[in-house]
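Engineer: From Swiss-Prot, here are the annotated features:
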- Thr229, Ala230, Glu231, Glu282, Thr383: L-serine binding site (BINDING)
- Arg259, Lys260, Glu261, Val275, Glu349, Val350, Thr351, Ser352: ATP binding site (BINDING)
Amino acid sequence: MLDLKFIRDNLELVRENIKNRGLKLELDLLISFDDERRKLITKIGELNALRNENANAMKDNIGDSSRHYLIEKGKALKAEIMDLEERLGYLTSRLLVEHKRIPNISAPDVPVGVSEDENVVLKVSGNIPKFDFKPKDHLEIGIHLDLFDFEKAREVSGNKFYYLKNEAVFLELAMINFAFSKLKAKGFDLFITPDVAREFIVDGIGFNPRGAESNIYKIEDTDKYLVGTAEITLGGYYYNTILDLKSPLKMAGLSHCFRKEAGAAGQFSKGLYRVHQFSKVEMFCFCRSEDSDRIHNEFLELEEEIFIELEIPYRVLNVCSSDLGAPAYKKYDIEAWMPGRGENGDYGEVTSTSNCTDYQSRRLKIRYKEDGQNKFVHMINGTAIASTRTLIAILENFQDAKGGVRIPKSLVKYTGFDYISPKN
């Protein structure tokens with residue numbers, strides 16, 4: 001969350017930022033709650049001082065009538081303080097709810113836009129494949145090659161689930177190993193993370209775990225949720241910790257990701273593109289404030305490097321204000337070319353990386369020492385490999401006229417094969 005003092009000192013900036021993000025929030029309500037809370041704290045302090053004076057007066061050698069008066073006065077002060085403290089508790093709770101709704105300030109170079117259509121293309125890389133046949137989409141390819149089964153998954157688990165089969169199993173594991181090997185060489189600590197997190201961690205990272213807007217699954221009768229990304233569990237790893245940050249602390253975590261994907265439908269969401277469960281290798285970094293922009297750009301470069309080595313055409317987007325998540329100061333998306341997407345092929349999102357500055361660390365109480373003072377760390381996240389969408393891009397870009405699929409050279413040492421042959 002933003003520092004409350006910063007909000008009060010920069011009301012017009014915060015108000016404009018809320019507007020640019022397409023949100024309707026009652027900033028004045030937040031300020032009114034804070035104003036009343038401050039007055040109550042002052043009033044309670046004054047009443048406690050009077051109560052102490054009253055208690056000290058009772059220690060003197062006084063008559064019965066005076067003592068009775070002081071006793072009654074003490075009771076009245078206690079009752080008034082209790083009433084005000086109850087009001088203070090209510091206000092503090094309401095203040096926190098409104099405070100959490102305020103999004104991070106956007107970076108100066110974030111484009112202002114009302115929808116994802118106003119994301120700005122920064123770069124296009126790779127050659128879009130030219131086929132001398134009509135390319136199939138991944139769903140048709142995968143069923144023909146016996147790589148996945150949606151029908152059986154629908155019977156067993158419901159819509160938007162799938163079984164990976166045969167070579168697709170090796171291909172997913174190969175993508176994960178490829179990403180982990182690269183990140184290990186870049187100095188990341190590697191993790192396989194829990195797939196479950198407590199509500200205060202989910203909330204601290206900035207995911208809304210409750211209500212109709214929630215995109216993650218709650219485990220019934222607990223305070224736990226299935227994670228939508230390892231960003232949640234990696235970000236929570238150092239909850240309530242003061243770090244010794246001599247250099248940026250980089251982590252990479254593999255997790256299953258669970259998403260409700262409520263309302264997602266249409267041809268662009270079919271097959272593996274938008275599902276309830278998938279595997280993902282996530283990058284994460286805790287760093288000093290002066291390092292976060294540099295690390296964010298390094299994460300983008302790493303994501304690009306991965307897709308260059310996978311030989312997949314892609315483009316980089318500077319995500320516009322209304323498409324930013326609340327914690328993000330700035331976000332880049334990479335979209336891979338998918339020949340089977342739409343009528344003539346199109347780009348589809350495969351990675352994102354966000355600099356969340358100290359927005360998450362304030363909630364999670366993750367700090368570092370500098371010049372004898374505790375400061376909130378900056379937190380950066382990014383996708384290394386999201387298995388399902390990367391699999392889509394591989395199947396669709398490397399299909400051939402015979403109905404088979406070539407494996408990218410960078411994955412062959414992990415798969416043990418370089419081609420998926422058509423089934424007879």
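Using N, Cα and C of the backbone, Cβ positions are placed for all residues, glycine too.
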Engineer: Using DSSP with the three-state reduction, classify Glu231 (L-serine binding site) as helix, strand or coil.
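Structural biologist: Assignment for Glu231 (L-serine binding site) reads helix.
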Engineer: Which one is it: of the binding-site residues Glu231, Glu349, which Cβ has the fewest other Cβ atoms within 10 Å in this structure?
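Structural biologist: Checked Glu231, Glu349; of these binding-site residues, fewest Cβ neighbours within 10 Å: Glu349.
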Engineer: Here's one to test understanding: among the binding-site residues Thr229, Ala230, Glu231, Glu282, whose C-alpha is closest in space to the C-alpha of Arg259 (ATP binding site)?
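Structural biologist: For Arg259 (ATP binding site), the closest Cα among Thr229, Ala230, Glu231, Glu282 is found at Thr229.
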Engineer: Could you work out which of the binding-site residues (Arg259, Lys260) has its C-beta surrounded by the smallest number of other C-beta atoms within 10 A?
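Structural biologist: Selected from the binding-site residues Arg259, Lys260 on minimum Cβ neighbours within 10 Å: Lys260.
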Engineer: If you take the centroid of the Cβ atoms of Thr229, Ala230, Glu231, Glu282, Thr383, the listed L-serine site, which other residues of that chain have their Cβ within 8 Å of it?
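Structural biologist: What remains near the Cβ centre is Ile232, Leu234, Gly253, Ser255, Cys257, Lys280, Val281, Met283, Phe284, Asn381, Gly382.
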Engineer: Measure from the CA atom of Thr383 (L-serine binding site) to the CA atom of Thr351 (ATP binding site) and give the result in Å, rounded to a whole number.
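Structural biologist: With the alpha carbons as reference points, the distance is 5 Å.
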Engineer: Give the distance between the Cα atoms of Glu231 (L-serine binding site) and Ser352 (ATP binding site), rounded to the nearest whole Å.
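Structural biologist: Given the Cα positions, Glu231 (L-serine binding site) is 12 Å from Ser352 (ATP binding site).
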Engineer: About how far apart, in whole Å, are the alpha carbons (Cα) of Thr383 (L-serine binding site) and Ser352 (ATP binding site)?
Structural biologist: 6
Engineer: Tell me which of the binding-site residues Lys260, Val275, Glu349, Val350, Ser352 ends up closest to Glu282 (L-serine binding site) in space, Cα to Cα.
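Structural biologist: With Cα distances computed to Glu282 (L-serine binding site), the winner among Lys260, Val275, Glu349, Val350, Ser352 is Ser352.
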Engineer: Looking at Cβ-Cβ distances, which residues of the chain lie under 8 angstroms from Val275 (ATP binding site) while being 6 or more apart from it?
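Structural biologist: Set apart from Val275 (ATP binding site) by at least 6 residues yet with Cβ under 8 Å, we have Lys160, Phe161, Tyr162, Arg259, Glu261, Thr388.
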